[in-house]
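The following features are taken from TrEMBL:
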TRANSMEM  21-43  transmembrane segment
TRANSMEM  55-77  transmembrane segment
TRANSMEM  89-112  transmembrane segment
TRANSMEM  118-143  transmembrane segment
TRANSMEM  150-170  transmembrane segment
TRANSMEM  182-206  transmembrane segment
TRANSMEM  218-240  transmembrane segment
TRANSMEM  260-282  transmembrane segment
TRANSMEM  289-310  transmembrane segment
TRANSMEM  316-334  transmembrane segment
Amino acid sequence: MDTELGNKNEPEQHQNKKRMTLFLVFLNCMLMAIGQVAGPLLMRIYYLHGGKSNWLGAWLLTAGFPILIIPIAISYIRARAREQAGRLLVTKWLFGASAILGVLLGLDSYLYSFGMSYLPVSVSSLLGSSQLAFTAIFAYIVVKHKFTHYSINAVVLMTFGSLILGFHMNGDKPRGEPKGKYILGFFMTIGGAALHGFLMPALEFTYLKAGKAITFDLVLQVQFLISMFATLFCSIPMIINKDFQDISKEAAEFGLGETKYYTILLIAAIVLQFLVIGSLGVIFSSTSLLGGLVSSLLVPVQQAFAVIFLKEVFNAEKGMALAMCLWGFASYLYGEYQKPEANKEESTG
(Lines of atoms letter the chains of each structure in order from A and count residues from 1; the text may use other names and numbers.)
(Lines give C-alpha, C1' and ligand atoms only; values in the text may rest on other atoms or scores of the structure.)
Protein backbone atom coordinates (compact mmCIF):
# COMPACT_ATOMS: atom_id res chain seq x y z
CA MET A 1 0.00 0.00 0.00
CA ASP A 2 2.83 2.37 0.88
CA THR A 3 4.44 1.48 -2.44
CA GLU A 4 1.25 2.37 -4.34
CA LEU A 5 0.99 5.66 -2.44
CA GLY A 6 4.61 6.44 -3.24
CA ASN A 7 4.01 5.71 -6.92
CA LYS A 8 1.00 8.06 -6.93
CA ASN A 9 3.09 10.82 -5.42
CA GLU A 10 5.86 10.50 -8.01
CA PRO A 11 3.93 12.24 -10.86
CA GLU A 12 2.92 15.02 -8.46
CA GLN A 13 6.52 15.50 -7.33
CA HIS A 14 7.62 15.54 -10.96
CA GLN A 15 5.03 18.22 -11.79
CA ASN A 16 6.10 20.35 -8.80
CA LYS A 17 9.75 20.07 -9.84
CA LYS A 18 8.83 21.02 -13.41
CA ARG A 19 6.86 24.07 -12.20
CA MET A 20 9.77 25.19 -10.02
CA THR A 21 12.19 24.80 -12.94
CA LEU A 22 9.93 26.86 -15.20
CA PHE A 23 9.64 29.53 -12.49
CA LEU A 24 13.42 29.71 -12.13
CA VAL A 25 13.85 29.92 -15.91
CA PHE A 26 11.30 32.75 -16.07
CA LEU A 27 12.83 34.60 -13.10
CA ASN A 28 16.36 34.39 -14.49
CA CYS A 29 15.21 35.43 -17.96
CA MET A 30 13.56 38.50 -16.42
CA LEU A 31 16.79 39.37 -14.59
CA MET A 32 18.68 38.97 -17.88
CA ALA A 33 16.18 41.23 -19.63
CA ILE A 34 16.48 44.00 -17.03
CA GLY A 35 20.28 43.84 -17.03
CA GLN A 36 20.85 43.48 -20.76
CA VAL A 37 18.45 46.28 -21.72
CA ALA A 38 19.10 48.80 -18.94
CA GLY A 39 22.83 48.16 -18.43
CA PRO A 40 24.13 49.12 -21.90
CA LEU A 41 21.79 52.14 -22.01
CA LEU A 42 23.17 53.48 -18.74
CA MET A 43 26.77 52.83 -19.78
CA ARG A 44 26.21 54.52 -23.13
CA ILE A 45 24.80 57.57 -21.29
CA TYR A 46 27.92 57.49 -19.10
CA TYR A 47 30.20 57.61 -22.18
CA LEU A 48 28.10 60.15 -24.10
CA HIS A 49 28.24 62.73 -21.29
CA GLY A 50 31.92 62.61 -20.40
CA GLY A 51 32.73 59.16 -19.00
CA LYS A 52 36.11 57.93 -20.21
CA SER A 53 37.20 54.86 -18.22
CA ASN A 54 36.64 51.54 -20.02
CA TRP A 55 37.90 49.63 -16.99
CA LEU A 56 35.31 51.36 -14.78
CA GLY A 57 32.62 50.22 -17.21
CA ALA A 58 33.95 46.67 -17.00
CA TRP A 59 34.26 46.86 -13.20
CA LEU A 60 30.61 47.90 -12.87
CA LEU A 61 29.38 44.70 -14.57
CA THR A 62 30.22 42.59 -11.51
CA ALA A 63 30.87 45.18 -8.77
CA GLY A 64 27.33 44.65 -7.49
CA PHE A 65 28.17 41.10 -6.40
CA PRO A 66 27.77 41.92 -2.64
CA ILE A 67 24.00 41.88 -3.38
CA LEU A 68 24.32 38.10 -3.43
CA ILE A 69 25.20 38.14 0.26
CA ILE A 70 21.48 38.69 1.01
CA PRO A 71 20.15 35.44 -0.57
CA ILE A 72 23.22 33.54 0.65
CA ALA A 73 22.57 34.78 4.22
CA ILE A 74 18.88 33.82 3.96
CA SER A 75 19.93 30.36 2.76
CA TYR A 76 22.32 30.04 5.71
CA ILE A 77 19.61 31.05 8.23
CA ARG A 78 17.14 28.58 6.72
CA ALA A 79 19.74 25.80 6.93
CA ARG A 80 20.34 26.60 10.62
CA ALA A 81 16.58 26.61 11.25
CA ARG A 82 16.37 23.11 9.75
CA GLU A 83 19.26 22.13 12.04
CA GLN A 84 21.54 21.67 9.06
CA ALA A 85 25.08 22.93 9.26
CA GLY A 86 25.42 26.14 7.27
CA ARG A 87 28.68 25.74 5.36
CA LEU A 88 30.57 26.51 2.21
CA LEU A 89 29.23 24.14 -0.44
CA VAL A 90 31.89 24.96 -3.03
CA THR A 91 34.52 22.26 -3.61
CA LYS A 92 38.16 22.90 -4.56
CA TRP A 93 37.28 22.14 -8.18
CA LEU A 94 34.42 24.65 -8.18
CA PHE A 95 36.54 27.28 -6.42
CA GLY A 96 39.35 26.95 -8.98
CA ALA A 97 36.92 26.90 -11.91
CA SER A 98 35.11 29.96 -10.49
CA ALA A 99 38.42 31.84 -10.29
CA ILE A 100 39.26 31.07 -13.94
CA LEU A 101 35.74 31.89 -15.13
CA GLY A 102 35.81 35.10 -13.08
CA VAL A 103 39.03 36.29 -14.73
CA LEU A 104 37.60 35.47 -18.18
CA LEU A 105 34.38 37.30 -17.29
CA GLY A 106 36.43 40.34 -16.24
CA LEU A 107 38.23 40.32 -19.59
CA ASP A 108 34.92 39.84 -21.38
CA SER A 109 33.48 42.82 -19.49
CA TYR A 110 36.38 45.00 -20.66
CA LEU A 111 35.86 44.02 -24.31
CA TYR A 112 32.17 44.89 -24.06
CA SER A 113 32.89 48.14 -22.21
CA PHE A 114 35.42 49.19 -24.84
CA GLY A 115 32.89 48.53 -27.59
CA MET A 116 30.14 50.48 -25.83
CA SER A 117 32.42 53.51 -25.48
CA TYR A 118 32.65 53.90 -29.27
CA LEU A 119 29.48 52.26 -30.63
CA PRO A 120 25.81 53.25 -30.41
CA VAL A 121 23.65 50.76 -28.51
CA SER A 122 21.89 49.88 -31.78
CA VAL A 123 25.24 48.68 -33.17
CA SER A 124 26.79 47.19 -30.03
CA SER A 125 23.69 45.03 -29.59
CA LEU A 126 24.79 43.27 -32.79
CA LEU A 127 26.98 41.19 -30.50
CA GLY A 128 23.85 39.28 -29.50
CA SER A 129 23.78 37.58 -32.87
CA SER A 130 27.42 36.50 -32.90
CA GLN A 131 27.20 35.52 -29.22
CA LEU A 132 24.38 33.11 -30.05
CA ALA A 133 26.41 31.51 -32.83
CA PHE A 134 29.47 31.13 -30.57
CA THR A 135 27.33 29.78 -27.72
CA ALA A 136 25.76 27.17 -30.00
CA ILE A 137 29.17 26.08 -31.32
CA PHE A 138 30.84 25.90 -27.91
CA ALA A 139 27.79 24.20 -26.35
CA TYR A 140 28.14 21.46 -28.97
CA ILE A 141 31.92 21.13 -28.42
CA VAL A 142 32.16 21.56 -24.64
CA VAL A 143 28.98 19.98 -23.24
CA LYS A 144 27.86 17.93 -26.28
CA HIS A 145 24.55 19.76 -26.46
CA LYS A 146 22.41 18.01 -29.06
CA PHE A 147 20.94 20.12 -31.82
CA THR A 148 17.35 19.61 -32.99
CA HIS A 149 15.71 20.95 -36.13
CA TYR A 150 14.00 23.57 -33.99
CA SER A 151 17.13 24.78 -32.19
CA ILE A 152 19.10 24.93 -35.49
CA ASN A 153 16.25 26.89 -37.03
CA ALA A 154 16.23 29.25 -34.05
CA VAL A 155 20.00 29.81 -34.17
CA VAL A 156 19.97 30.51 -37.92
CA LEU A 157 16.96 32.85 -37.80
CA MET A 158 18.13 34.84 -34.79
CA THR A 159 21.71 35.06 -36.02
CA PHE A 160 20.74 36.32 -39.46
CA GLY A 161 18.09 38.57 -37.96
CA SER A 162 20.69 40.35 -35.87
CA LEU A 163 23.35 40.28 -38.60
CA ILE A 164 21.05 42.39 -40.75
CA LEU A 165 21.89 45.21 -38.37
CA GLY A 166 25.58 44.87 -39.15
CA PHE A 167 25.11 45.28 -42.89
CA HIS A 168 23.16 48.53 -42.51
CA MET A 169 25.07 50.49 -39.90
CA ASN A 170 26.86 53.09 -42.02
CA GLY A 171 24.61 55.84 -40.77
CA ASP A 172 25.03 54.87 -37.11
CA LYS A 173 28.61 56.09 -36.62
CA PRO A 174 28.56 59.03 -34.18
CA ARG A 175 29.58 62.37 -35.66
CA GLY A 176 33.18 63.35 -35.12
CA GLU A 177 34.28 59.88 -34.06
CA PRO A 178 37.41 58.56 -35.82
CA LYS A 179 36.65 55.66 -38.13
CA GLY A 180 39.55 53.65 -36.68
CA LYS A 181 38.13 53.76 -33.14
CA TYR A 182 34.69 52.88 -34.46
CA ILE A 183 36.04 49.81 -36.27
CA LEU A 184 38.16 48.82 -33.26
CA GLY A 185 35.12 49.11 -31.00
CA PHE A 186 33.14 46.92 -33.41
CA PHE A 187 35.71 44.11 -33.39
CA MET A 188 36.28 44.35 -29.63
CA THR A 189 32.53 43.86 -29.21
CA ILE A 190 32.57 40.81 -31.48
CA GLY A 191 35.55 39.48 -29.48
CA GLY A 192 33.54 39.96 -26.29
CA ALA A 193 30.64 38.07 -27.84
CA ALA A 194 32.95 35.18 -28.76
CA LEU A 195 34.38 35.00 -25.24
CA HIS A 196 30.90 35.20 -23.70
CA GLY A 197 29.79 32.43 -26.05
CA PHE A 198 32.54 30.25 -24.57
CA LEU A 199 31.86 31.23 -20.95
CA MET A 200 28.27 29.98 -20.88
CA PRO A 201 28.99 26.37 -21.95
CA ALA A 202 32.16 26.44 -19.80
CA LEU A 203 30.04 27.17 -16.75
CA GLU A 204 27.62 24.40 -17.71
CA PHE A 205 30.63 22.05 -18.03
CA THR A 206 31.80 23.19 -14.56
CA TYR A 207 28.45 22.19 -13.08
CA LEU A 208 28.57 18.80 -14.84
CA LYS A 209 32.05 18.07 -13.44
CA ALA A 210 31.31 19.38 -9.95
CA GLY A 211 31.05 15.88 -8.49
CA LYS A 212 28.04 16.76 -6.35
CA ALA A 213 24.41 17.76 -6.65
CA ILE A 214 24.02 21.28 -8.05
CA THR A 215 21.56 23.04 -5.75
CA PHE A 216 20.30 26.61 -5.83
CA ASP A 217 22.38 27.41 -2.73
CA LEU A 218 25.53 26.11 -4.42
CA VAL A 219 24.81 28.14 -7.55
CA LEU A 220 24.53 31.32 -5.46
CA GLN A 221 27.96 30.68 -3.96
CA VAL A 222 29.49 29.98 -7.38
CA GLN A 223 27.94 33.18 -8.76
CA PHE A 224 29.38 35.14 -5.82
CA LEU A 225 32.89 33.76 -6.44
CA ILE A 226 32.82 34.32 -10.21
CA SER A 227 31.67 37.93 -9.80
CA MET A 228 34.18 38.55 -7.01
CA PHE A 229 37.13 37.31 -9.09
CA ALA A 230 35.92 39.31 -12.12
CA THR A 231 35.72 42.46 -9.98
CA LEU A 232 39.20 41.85 -8.55
CA PHE A 233 40.57 41.34 -12.07
CA CYS A 234 39.13 44.68 -13.23
CA SER A 235 40.24 46.44 -10.02
CA ILE A 236 43.95 45.82 -10.70
CA PRO A 237 44.22 47.94 -13.88
CA MET A 238 41.94 50.54 -12.28
CA ILE A 239 44.39 50.87 -9.40
CA ILE A 240 47.36 51.02 -11.81
CA ASN A 241 45.65 53.66 -13.97
CA LYS A 242 44.41 55.54 -10.87
CA ASP A 243 40.84 55.31 -12.17
CA PHE A 244 39.39 55.19 -8.66
CA GLN A 245 41.06 58.52 -7.81
CA ASP A 246 39.74 60.06 -11.04
CA ILE A 247 36.09 59.23 -10.29
CA SER A 248 35.50 62.42 -8.26
CA LYS A 249 37.11 64.55 -11.00
CA GLU A 250 35.08 62.80 -13.71
CA ALA A 251 31.88 63.31 -11.67
CA ALA A 252 32.54 67.05 -11.35
CA GLU A 253 32.96 67.37 -15.14
CA PHE A 254 30.08 65.04 -16.06
CA GLY A 255 27.65 66.61 -18.54
CA LEU A 256 24.51 65.72 -16.57
CA GLY A 257 25.85 66.78 -13.18
CA GLU A 258 27.64 65.10 -10.30
CA THR A 259 24.52 63.66 -8.64
CA LYS A 260 23.32 61.99 -11.84
CA TYR A 261 26.85 60.66 -12.45
CA TYR A 262 26.86 58.68 -9.21
CA THR A 263 23.21 57.67 -9.68
CA ILE A 264 23.96 56.25 -13.14
CA LEU A 265 26.96 54.28 -11.87
CA LEU A 266 25.03 52.90 -8.88
CA ILE A 267 22.00 51.79 -10.88
CA ALA A 268 24.26 50.40 -13.63
CA ALA A 269 26.14 48.27 -11.08
CA ILE A 270 22.86 46.85 -9.76
CA VAL A 271 21.18 46.07 -13.10
CA LEU A 272 24.39 44.66 -14.60
CA GLN A 273 24.65 42.32 -11.62
CA PHE A 274 21.09 41.24 -12.44
CA LEU A 275 22.40 40.37 -15.91
CA VAL A 276 25.20 38.21 -14.47
CA ILE A 277 22.86 36.49 -11.98
CA GLY A 278 20.25 35.87 -14.69
CA SER A 279 22.79 34.54 -17.21
CA LEU A 280 24.33 32.11 -14.74
CA GLY A 281 20.89 31.18 -13.37
CA VAL A 282 19.52 30.27 -16.81
CA ILE A 283 22.40 27.81 -17.24
CA PHE A 284 21.58 26.26 -13.84
CA SER A 285 17.85 25.93 -14.54
CA SER A 286 18.10 25.10 -18.27
CA THR A 287 21.03 25.17 -20.73
CA SER A 288 23.69 27.56 -21.97
CA LEU A 289 22.05 27.53 -25.42
CA LEU A 290 18.81 28.93 -23.98
CA GLY A 291 20.85 31.68 -22.35
CA GLY A 292 22.30 32.59 -25.74
CA LEU A 293 18.86 32.53 -27.35
CA VAL A 294 17.34 34.81 -24.70
CA SER A 295 20.27 37.17 -25.09
CA SER A 296 19.70 37.36 -28.86
CA LEU A 297 15.96 37.83 -28.37
CA LEU A 298 16.75 40.92 -26.30
CA VAL A 299 18.88 42.49 -29.07
CA PRO A 300 15.91 44.09 -30.89
CA VAL A 301 14.45 45.13 -27.52
CA GLN A 302 17.69 47.03 -26.90
CA GLN A 303 17.19 48.63 -30.29
CA ALA A 304 13.75 49.89 -29.32
CA PHE A 305 14.92 51.33 -26.00
CA ALA A 306 17.90 52.99 -27.70
CA VAL A 307 15.49 54.70 -30.10
CA ILE A 308 13.23 55.89 -27.26
CA PHE A 309 15.84 57.08 -24.76
CA LEU A 310 18.92 57.84 -26.88
CA LYS A 311 17.11 58.97 -30.04
CA GLU A 312 18.92 56.44 -32.21
CA VAL A 313 17.51 55.56 -35.63
CA PHE A 314 15.11 52.60 -35.99
CA ASN A 315 14.76 51.61 -39.65
CA ALA A 316 13.16 48.82 -41.66
CA GLU A 317 16.20 46.56 -41.22
CA LYS A 318 15.90 46.74 -37.44
CA GLY A 319 12.19 45.94 -37.70
CA MET A 320 13.02 42.89 -39.81
CA ALA A 321 15.63 41.80 -37.27
CA LEU A 322 13.02 42.03 -34.50
CA ALA A 323 10.60 39.82 -36.46
CA MET A 324 13.27 37.20 -37.20
CA CYS A 325 14.47 37.09 -33.59
CA LEU A 326 10.91 36.62 -32.29
CA TRP A 327 10.32 33.88 -34.86
CA GLY A 328 13.54 32.11 -33.88
CA PHE A 329 12.78 32.26 -30.18
CA ALA A 330 9.27 30.87 -30.79
CA SER A 331 10.84 28.03 -32.79
CA TYR A 332 13.15 27.14 -29.90
CA LEU A 333 10.32 27.18 -27.34
CA TYR A 334 8.17 24.98 -29.59
CA GLY A 335 11.05 22.52 -29.92
CA GLU A 336 11.43 22.37 -26.13
CA TYR A 337 7.68 21.78 -25.82
CA GLN A 338 7.89 18.90 -28.30
CA LYS A 339 10.70 17.13 -26.39
CA PRO A 340 8.47 15.51 -23.71
CA GLU A 341 6.10 14.26 -26.43
CA ALA A 342 8.99 12.72 -28.37
CA ASN A 343 10.32 11.05 -25.22
CA LYS A 344 6.87 9.56 -24.51
CA GLU A 345 6.65 8.11 -28.03
CA GLU A 346 10.14 6.57 -27.70
CA SER A 347 9.34 4.98 -24.33
CA THR A 348 6.01 3.66 -25.66
CA GLY A 349 7.68 2.22 -28.76
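The backbone N, Cα and C atoms fix where each Cβ goes, and this holds for glycine too.
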Q | Contact set, same chain, for the transmembrane segment (21-43): CB under 8 Å, 6 or more residues outside the stretch | A | 51, 57, 60-61, 113, 116, 121, 124-125, 216, 264, 267-268, 271-279, 281-282, 284-286, 290-291, 294-295, 298, 301-302, 305-306, 309-310
Q: Report, as numbers and ranges, which residues of the same chain sit near the transmembrane segment (89-112): CB under 8 Å and 6 or more residues beyond its ends.
A: 54-55, 57-59, 61-62, 124, 127, 188-189, 191-192, 195-196, 198-199, 202-203, 206, 209-212, 215, 217-218, 221-222, 225-234, 276
Q.
Using a Cβ cut-off under 8 Å, which residues of the same chain at least 6 positions beyond either end of the transmembrane segment (316-334) come close to it?
A. 122, 150-151, 153-158, 160-162, 164-165, 167-168, 290, 293-294, 296-297, 299-300, 303-304
Q) What same-chain residues lie close to the transmembrane segment (55-77): Cβ under 8 Å, and 6 or more beyond its ends? A) 39, 43, 46-47, 86, 102, 105-106, 109-110, 112-113, 116-117, 216-217, 220-221, 223-224, 226-228, 230-231, 234-235, 237-238, 241, 243, 247, 265, 268-270, 272-273, 275-277
Q: State, in range form, which of 118-143, 182-206, 218-240, 260-282 has the highest count of Cβ pairs under 8 Å to the transmembrane segment (289-310).
A: 118-143
Q) Which listed stretch (118-143, 182-206, 260-282) has the most C-beta pairs under 8 A with the transmembrane segment (218-240)? A) 260-282
Q.
At a C-beta cut-off of under 8 Å, are there same-chain residues at least 6 beyond the transmembrane segment (118-143) that contact it? List them, or none.
A. 40-41, 44, 112, 151, 155, 158-163, 165-166, 169, 172, 174, 177, 181-182, 184-186, 189-190, 192-194, 196-198, 200-202, 204-205, 208, 287-289, 291-293, 295-296, 298-299, 302-303, 305-307, 310, 312-314, 318
